[in-house]
Protein chains: 2
Amino acid sequence: MSTDRPRRVNIVDVARHAGVSHQTVSRVINDSPLVAAATRRKVQAAIEELGFRPNRLARALAGGTAREVTVLTTDTSLYGASETLSGIEDAARAAGHTVSVSVMNPDQPYADADVLARLPHLGSPAIVIAHDATTTRAMRALRAAQPSTTVATGGGDLADETEAADWLVALDDRAVAARATRHLLDLGHATVHYLAIPSKAPRRLGWEQALRDAGRPVPPPAACDWSTASAYHAAIGLLEDPDVTAILCGNDDLAVGAVRAAHIAGRAVPGDLSVVGFDDCPYAAFQVPALTTVGLDFRGLGRGAFELLRSKLDGAPRPRPTWRQPELIVRETSAPPRNRTE
Amino acid sequence: MSTDRPRRVNIVDVARHAGVSHQTVSRVINDSPLVAAATRRKVQAAIEELGFRPNRLARALAGGTAREVTVLTTDTSLYGASETLSGIEDAARAAGHTVSVSVMNPDQPYADADVLARLPHLGSPAIVIAHDATTTRAMRALRAAQPSTTVATGGGDLADETEAADWLVALDDRAVAARATRHLLDLGHATVHYLAIPSKAPRRLGWEQALRDAGRPVPPPAACDWSTASAYHAAIGLLEDPDVTAILCGNDDLAVGAVRAAHIAGRAVPGDLSVVGFDDCPYAAFQVPALTTVGLDFRGLGRGAFELLRSKLDGAPRPRPTWRQPELIVRETSAPPRNRTE
DNA sequence: CTGAAAGCGCTAACAA
DNA sequence: TTGTTAGCGCTTTCAG
């Protein structure tokens, strides 16, 4: 496995070229304040001229930092996860870090050791995108083993427990879920049904609470996985009951399934059935009818997760959130229920 | 930036524990054949007992391999790209490699040096998911600088030039595009219009050729970006012409835009307008009407890309393709054109 | 078949 | 403010 090793220019070459010791070069590339301005300039010129780039491996091995983050996730093709990953990568690269991805199989049981084995070594900085049981468990395992170098985003089935945790970056899913539910209630629906994505407790709880607050019946949530197909089947079941007029879905993919189910069941959307999704996927606005959904700033969340991690590594105070708050986007799949001819 | 350094067990610890030299341990973990079976067993037991895991950094620094691949892509949330990434990760992890992701901004010009700077060092194994101008250029830059450690998947705007190249893993987009076009022609459409994704020449060429072969007029392709919105606008324009009855789209996201445009323009799908997509996204089967599209094995392609890279690193012969061939999936958005009342 | 010596490129501690 | 000396954990020589 030869990886082309054409002797690269190293710190010693630079030192020689600049007429200083290699240590001084090290100080310069690490932004140490203990270097005279003139020396720094000389060294930087040499670096420039020689096209020197520090060897990450050597740096890390020598006790510095690898400047590398491992992201654990279950599904890179889920909209939320992939956008989050993108946000992490963005912030990480800006900070000179490398991001590695490790994908976990939702159907496979992982021992804690298996989770740790995903990292370069114990203590390696990690971000887990926790959105289902598998990733939530991974998050717990990592948190237990290396609390100071693990952060998470998403929330998994943590619900409130961690809202205030100093290692979690999350949007207030619960509040928007309640908001979306109220939107449907305000439209005149007697109650709202819920198609649940795996372990996204906050959304379910927000929905529940909004119904309770309004004194409405709380129907049992229908458990789906991430697939549109699962939502389709769940919705087909739900729609056997003619009283079902509104469905809140754990995400947009599920909403698409619900809309199709309505179509097959001969129910007009939004006339006979209102559907509200979550995520505002790129295609949501262009569905026929256009999906009413909740816009979520996953990319911002990802950036926030990295910044949080970095602050922990640096021992800096927790950075303030910079991501956009969730917002309900009302489009065409939600409307007042049509008056039924009894 | 402390990364918790609780002295890990290293090769010397193992050596001591097994009563051999650290060199022998090195041989064992590298599967060297020059170790006596008994010695090997002793060492392996020690490794087991001590929970030893080789330090990747040290290995790489000492001249071994970093066992790490960098994946260059522009958009982790595009279906094709994220599935491909997932496939790469899968194969890479199975082979004990780490995968790093580097996301490029399609709107930003990159000098070749900027591209190289994405890698840990010159010669680092890389896979570029080439699907637009930016990634295609990145691919060229990398290929030029480190031909033996760069492979690509997708194809970008390479068209035929590289079909046979030994560093590209691609599906026969061109053939299926032709197949999809013929499907529409066979249905009775006079011609087929094309909504183009950025630089996916093979698809466009396949479409063109099918039209030519059938002796049909070749309308100018409408250039879109990856967004559903761009397809929507392009389709709105196209539909001003009542003779447009069939549109082939560069991917499913675009197809969704075309379907919505038809809806807005008051044209029934598939009665007045047939639409065919590409990719078979998870939601495609559940659209209303369900999308006729082309199923593509991106995950298999990703795995293939990694295997190809590995074969190059090992100097092994090119592995045989294991991915599924593309297939046209006829659903509800394609049908014979309705007879127009002149 | 096994061991000993010499680094890979860098940072950490210490000394000047 | 700068330089010197030791490693980090491993692989590559080269001797046994």
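Placed from the backbone N, Cα and C atoms, the Cβ positions cover glycine too.
Unlike curated entries, TrEMBL annotations are predicted automatically.
Annotation comment: TrEMBL describes A:9-63 as domain 'HTH lacI-type'.
Here TrEMBL flags A:317-342 as region 'Disordered'. Outside the region 'Disordered' (A:317-342) by six or more residues, the chain places 166, 169, 171-173, 175-176, 179-180, 183-184, 187-190, 242, 245-246, 255, 259, 268-272, 274-277, 280, 284-285, 287, 289-297, 300-301, 303-304, 307-308, 311 with a CB less than 8 A from a CB of the stretch.
Across the domain 'HTH lacI-type' (A:9-63), DSSP assigns 36 helix, 0 strand, 19 coil.
Averaged across the domain 'HTH lacI-type' (A:9-63), the predicted model reaches a pLDDT of 87.
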